[in-house]
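Pulled from TrEMBL, these are the features on record:
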type: BINDING; residues: R41, R47; note: NADP(+) binding site
type: BINDING; residues: R132, S133, S134, N252, A253, G297, K312, P313, I314, P315, T316, R338; note: FMN binding site
Amino acid sequence: MSLRYLTAGETHGPQLTAIIEGLPSNLTLDFEELNFQMHRRQKGHGRGRRMQIEKDTASIVGGVRHGRTTGAPVALIVENKDWTHWTSVMNIEPIEGGDEAKRRVHRPRPGHADLNGGLKYNLKDLRNVLERSSARETAARVACGAMARQLLAAFGIKVAGQVIRIGEIEAPPNQLPVDELIRATEESPVRVVDKETEAKMTAHIDQVKAEGDSIGGIVECIVEGVPIGLGSHVQWDRKLDGRIAQAVVSINAFKGCEIGIGFEAARLRGSQVHDEIAYDEAKGYHRLSNRLGGFEGGMTNGEQIVVRGVMKPIPTLYKPLRSVDIDTKEPFTAQVERSDSCAVPAASVVMENVVAWEVARAFLEKFGGDSVEEIQANLEHYLAQTREY
């Protein structure tokens, strides 16, 4: 059984719901760690007023007993506290004639799913599109990813993330060990290590917000402790780097992904790109560099997985762009919805958990069993095999 999940719910509905299938039995869960990931997603300089309303926690309502998974599907809910202000607009019951016009959205916002979704699903109230396409749904994805990273942690695999760029401001490279990187970025409102860069980024965000605009950036995720051989070269859709890239670009507002040095490889020669192979008794087979970001042939090579994602500026602007009213077909300035001026630091957290999910999925495909103990035995057998190779 492959690890998978489904989410449901709207940004102003009563709750988000997720069902996870494929987690093994006997995985001990840390509920504080689960909700720590939820809290991390809400932090960051540039977030909007919604984050002052919502204090996200994920409640497990199925598939866990006495702190351990049972092997059954795990059900999670994340309540929307802002729902109390939207009970009429978002009620599931039929409404009186004419009332449907209240809070109806008929002016699509550039850069959003509004118009495309309205045309595709023949919806004359674009709220039915924006409610589901909202990045609020990433709260459920983070909850699922937080479960996956607890599975990875049980087998010694660590996940970290940082912001590389916000707008015009780029952070200098750092080679911190993963544990130190995690500690340093948690202390920064923009999730960077360098304090001078932090000050420049926060000032840049404030300037953009004052101008009624928004700003995007680049975030990086690092996964350490991954064994050789997750993913496969034998079919295009089994290549783990490809699956990670698809997952990253599926995050709201993400428009690109690179692995290792990524697009930088286009201007370099082969001798400057590929990672030489070495062997010693202590490390076994390893690479002398990691420019390919932990992948060769769609499979992990035992080095750190290094993934970067590009987030565009949030399209909801307090200085709206031009659009067309779907009722009158006349030009109009796009309708304004409450939003962030910069969500790049929060997006870093989302990407960490999305990448963790894909790595966990590949991990279970390789070493899968119905219980944690069975997976441990499979992993130990495989590691012994690779040591003898």
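Glycine too: its Cβ is placed from the backbone N, Cα and C atoms.
In TrEMBL, annotation is done automatically, which means it is predicted and not curated.
What you are looking at is a predicted structure, and each value in this text was computed from that prediction instead of being measured.
Projection of TrEMBL feature records onto the structure.
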{"residue": "R41", "record": "NADP(+) binding site", "DSSP (3 states)": "helix"}
{"residue": "R132", "record": "FMN binding site", "DSSP (3 states)": "helix"}
{"residue": "A253", "record": "FMN binding site", "DSSP (3 states)": "coil"}
{"residue": "K312", "record": "FMN binding site", "DSSP (3 states)": "coil"}
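Ranking the binding-site residues R41, R132, K312 by the number of CB atoms within 10 A of their own CB puts R41 at the top. For the binding-site residues A253, I314, the ranking by surrounding Cβ atoms (within 10 Å, all protein chains) places I314 first. Ranked by how many other Cβ atoms sit within 10 Å of their Cβ, the binding-site residues S134, T316 place S134 at the bottom. Taking only the Cα positions, the spacing between A253 (FMN binding site) and R41 (NADP(+) binding site) is 15 angstrom.
Cα of T316 (FMN binding site) to Cα of R41 (NADP(+) binding site): a distance of 19 Å.
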